[in-house]
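S.K.: Quick one: this structure, given as structure tokens, is what I'll be asking you about.
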Amino acid sequence: MVIKDVKLVKVAKTPGDYPPPLKGEVAFVGRSNVGKSSLLNALFNRKIAYVSKTPGKTRSINFYLVNSRYYFVDLPGYGYAKVSKKERVQWKKLVEDYFTNRWSLQMVFLLVDGRIPPQETDLMMVEWLKSLNVPFTIVLTKMDKVKMSERKKKLDEHKKAFSKYGEYTIIPTSSVTGEGIDDLLNLISTLLKEN
């Protein structure tokens, strides 16, 4: 998939704010500070998603229109301790509504920090996606920060942790070096059936 144009078209804080569905869309979810915005910018090959040093900055569902045909959807980060219980409940309701009612959703990319073992919240997200029958792929982020001598160990660690939930594709990526970006774009292209 070659991304020719991209623009943020909707910042949704309620389901009523969602734009009308298009041919297809893919969504990106992960813990706060996992590198979602950086990964989106790497996929877009331009800086359009706001990258913050403050965890939990994305509190809405952000819809990016890609090639005037598809949405790449940035979901709020989870697992940030300084978010109130009320905000966590609101986030869960908003995201669950998106997962269950958005018929154009083709795939969720679950972003997990490749430097550390999967966190409890990552495993809970896998269980939640499975319970909602939402297809997903695991994307390891920040792999440029993992020493070459430790990469196999880290990949095996993640495969083992997620294997108890089933067999899933795991794509190692780096928004810094570009590792895995083409693999992700090729998978998205196949999902959205764009040639």
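Backbone N, Cα and C atoms are what each Cβ position is placed from, and that goes for glycine too.
I grabbed these lines from Swiss-Prot:
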- 22-194: domain 'EngB-type G' (DOMAIN)
- 30-37, 56-60, 74-77, 141-144, 173-175: GTP binding site (BINDING)
- SER37, THR58: Mg(2+) binding site (BINDING)
S.K.: Cα of GLY30 (GTP binding site) to Cα of SER37 (Mg(2+) binding site): how many Å, rounded?
M.R.: 10
S.K.: On the three-state reduction of DSSP, what should I expect for LYS36 (GTP binding site)?
M.R.: helix
S.K.: Of LYS36, LYS142, the binding-site residues given in the record, which has the fewest other CB atoms within 10 A of its CB?
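M.R.: Ranked by other Cβ atoms within 10 Å, the binding-site residues LYS36, LYS142 bottom out at LYS142.
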S.K.: How does the model score the domain 'EngB-type G' (22-194) in terms of mean pLDDT?
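M.R.: Mean per-residue confidence for the domain 'EngB-type G' (22-194): 89 out of 100.
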S.K.: Neighbour count first, Cβ atoms within 10 Å, every protein chain included; then name which of ASN33, SER37, SER60, THR173 tops the list of binding-site residues.
M.R.: THR173
S.K.: Tell me, by DSSP, whether GLY30 (GTP binding site) is helix, strand or coil?
M.R.: strand
S.K.: Please report how many Å separate the Cα atom of THR173 (GTP binding site) from that of SER37 (Mg(2+) binding site), as a whole number.
M.R.: 13
S.K.: Given LYS142 (GTP binding site) and SER37 (Mg(2+) binding site), what distance in Å do their CA atoms have, once rounded to a whole number?
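M.R.: Spelling it out, the Cα of LYS142 (GTP binding site) and the Cα of SER37 (Mg(2+) binding site) are 12 Å apart.
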